[in-house]
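**Q** Input: one structure, supplied below.
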């Protein structure tokens with residue numbers, strides 16, 4: 001337990017703050033799901049906040065967070081920001097400097113007030129707020145994990161710093177009128193990530209003390225469970241709240257208006273005031289949320305012809321005016337507990353009404369979008385039936401699509417698919433197996449082996465040995481191709497030496513990248529930062545590799561007269577090929593991690609190219625890395641097309657129809673409640689389904705790019721005659 005908590009154990013109330021979406025904690029609002037994809041931008045959502053309601057706010061900390069509140073204030077001068085340089089957010093350096101910088105700036109502000117009358121006057125006002133954004137622990141958790149010595153050392157630094165700041169402020173004002181709230185916007189997993197719905201990421205501490213706050217309840221000790229039994233605080237009552245409830249608590253303690261878009265419930269158990277005051281503040285909380293309900297009601301009713309109001313607040317016995325009058329009457333009659341209970345009931349009904357109006361058009365929108373997808377699917381099927389598919393072709397069962405949808409959240413489904421397709425060659429009979437013993441054996445072995453990987457955790461730690469081993473096998477494969485390539489591929493004509501020259505150069509780049517990666521990892525682990533030379537070499541390797549691929553693309557095909565058959569009929573084997581291709585695409589999405597949420601991937605590999613915190617740039621690099629499985633699949637698809645002489649438009653049309661069926665399923669799974677990970681994943685998977693056809697077009701082009709010189713005919717696949 002931290003020193004600061006031990007010091008004030010007899011004066012604090014505390015509990016767990018359960019979060020939803022992180023940005024609007026100080027605004028006490030829940031933003032919609034689409035806005036959660038914006039991540040960190042300057043004021044991504046226009047919202048009112050505690051800072052905007054204050055007389056003046058001094059904020060200290062990260063340049064990624066503070067501007068959101070400063071630029072959104074009605075009076076820009078009201079929110080004063082003190083931000084360190086962005087280059088200080090270096091994952092390879094000591095993270096404690098981010099927190100000590102904040103403590104030093106707060107100390108400097110109070111020190112300057114002794115000689116600066118303007119600052120002293122501002123500090124002497126009421127309704128002022130100090131916001132200390134301490135990013136060090138978050139940075140240490142990402143870089144070294146929450147149970148590392150670096151993280152634990154950062155906790156000590158924060159404890160020491162907070163102890164000094166509390167003493168500084170108390171001595172400066174010496175009036176016991178400063179309220180303190182210590183909390184966090186998110187938790188963190190043992191692997192240094194956050195964003196999903198795991199309790200380790202959604203439960204955060206809430207410690208409140210100062211005037212207006214109850215003393216800890218040591219007589220009625222409730223609220224504890226296995227989660228908090230080892231905290232050394234199970235001698236006092238634990239009071240849990242939702243994260244959105246913190247903003248009205250702040251507003252009450254400082255004497256401010258609730259933020260305009262507030263949907264938080266003021267936690268009355270934290271307050272040290274008379275029942276009369278509690279009942280009045282509960283009514284104020286209810287009326288503030290009721291105003292939002294009224295605005296939503298008026299907005300919808302003015303734009304709808306056959307408007308249906310929220311029935312629970314639109315009858316003779318239950319409406320806002322009746323609730324308000326009944327609560328005021330109870331307060332006048334000194335029935336404060338009943339007034340508080342009725343205020344809470346009014347709040348819950350207003351929140352339900354807000355949700356009703358926010359989702360008012362859901363059925364209408366769902367119907368239109370569903371008809372659009374169904375119409376397009378029917379059109380594509382008619383086109384295939386009329387132009388391609390023989391009458392005896394079987395229809396693909398919906399089982400595949402349903403299980404593929406489930407596979408986006410339950411990766412074990414893909415394991416089952418791999419086991420099934422491992423025995424697919426056996427369906428062609430004993431003769432086929434005898435003629436292709438080696439091929440069938442390798443297919444079964446590889447399919448069963450790969451099925452294991454979809455059972456493993458998607459979040460993995462950095463493993464330098466595994467990285468270098470993979471590089472070694474890539475190098476070995478390239479060398480084998482250079483030596484035995486002609487005999488293995490059995491080309492009909494002698495190929496140009498140019499591709500081998502390019503491959504040799506690429507192998508040299510591979511060796512260089514392995515050396516740079518090895519040195520970079522060792523340097524980062526030793527906390528020496530990323531050497532500039534390694535950083536330059538890392539980027540040069542990527543650029544040169546792209547140039548080499550460009551040269552491959554420019555190499556002309558020797559046989560310019562080779563063409564694919566344009567009018568080949570689409571048989572059931574081709575449909576099966578399309579199903580396999582679609583399945584492998586889905587596996588590529590989730591085989592290396594959950595691509596629907598970048599937060600499920602480790603950033604260790606990104607640190608070798610950039611160590612300064614830059615979420616968009618780092619996410620771009622990470623996504624580039626994650627495209628590797630898709631590129632491999634695209635190359636396989638290109639080779640398969642040439643082996644079977646399948647027109648690209650055939651697979652395109654089939655996969656388009658299949659992707660529409662998948663996307664329609666994803667559309668009905670989209671959520672607007674939950675954690676960043678839960679909301680973002682459902683939206684991302686829906687977008688993935690929508691853009692799947694675009695991905696396929698791009699992948700086909702990449703396939704041509706990679707295998708532009710390869711000529712493989714269907715004759716090479718024919719079994720040898722005995």
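Using N, Cα and C of the backbone, Cβ positions are placed for all residues, glycine too.
Okay, so TrEMBL annotates it like this:
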DOMAIN    119-228  domain 'Sulfatase N-terminal'
DOMAIN    353-402  domain 'GPI ethanolamine phosphate transferase 1 C-terminal'
TRANSMEM  363-385  transmembrane segment
TRANSMEM  413-433  transmembrane segment
TRANSMEM  440-459  transmembrane segment
TRANSMEM  465-489  transmembrane segment
TRANSMEM  501-523  transmembrane segment
DOMAIN    540-675  domain 'GPI ethanolamine phosphate transferase 1 C-terminal'
TRANSMEM  578-596  transmembrane segment
TRANSMEM  616-639  transmembrane segment
TRANSMEM  651-670  transmembrane segment
TRANSMEM  676-698  transmembrane segment
**Q** Spell out yes or no: are there three or more C-beta pairs under 8 angstroms between the transmembrane segment (651-670) and the transmembrane segment (363-385), with each pair 6 or more apart in sequence?
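**A** When sequence-distant Cβ pairs are counted, the transmembrane segment (363-385) touches the transmembrane segment (651-670), since at least 3 lie under 8 Å.
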**Q** What average pLDDT does the predicted model assign to the domain 'GPI ethanolamine phosphate transferase 1 C-terminal' (353-402)?
**A** 71
**Q** Residues of the same chain, at least six outside the transmembrane segment (363-385), with any C-beta under 8 angstroms of its C-beta?
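**A** Apart from its flanks, the transmembrane segment (363-385) reaches 570, 653-654, 656-657, 660-661, 663-664, 667-668.
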**Q** Against which stretches of its own chain does the transmembrane segment (465-489) lie, if we need a Cβ under 8 Å and a gap of at least six residues from its ends?
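**A** Same-chain contacts beyond the flanks: 495, 500, 503-504, 506-507, 510-511, 513-514, 517-518.
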**Q** Where DSSP helix means H, G or I and strand means E or B, what are the helix, strand and coil counts for the domain 'Sulfatase N-terminal' (119-228)?
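**A** When I sort the residues of the domain 'Sulfatase N-terminal' (119-228) into the three classes, I find 43 helix, 17 strand, 50 coil.
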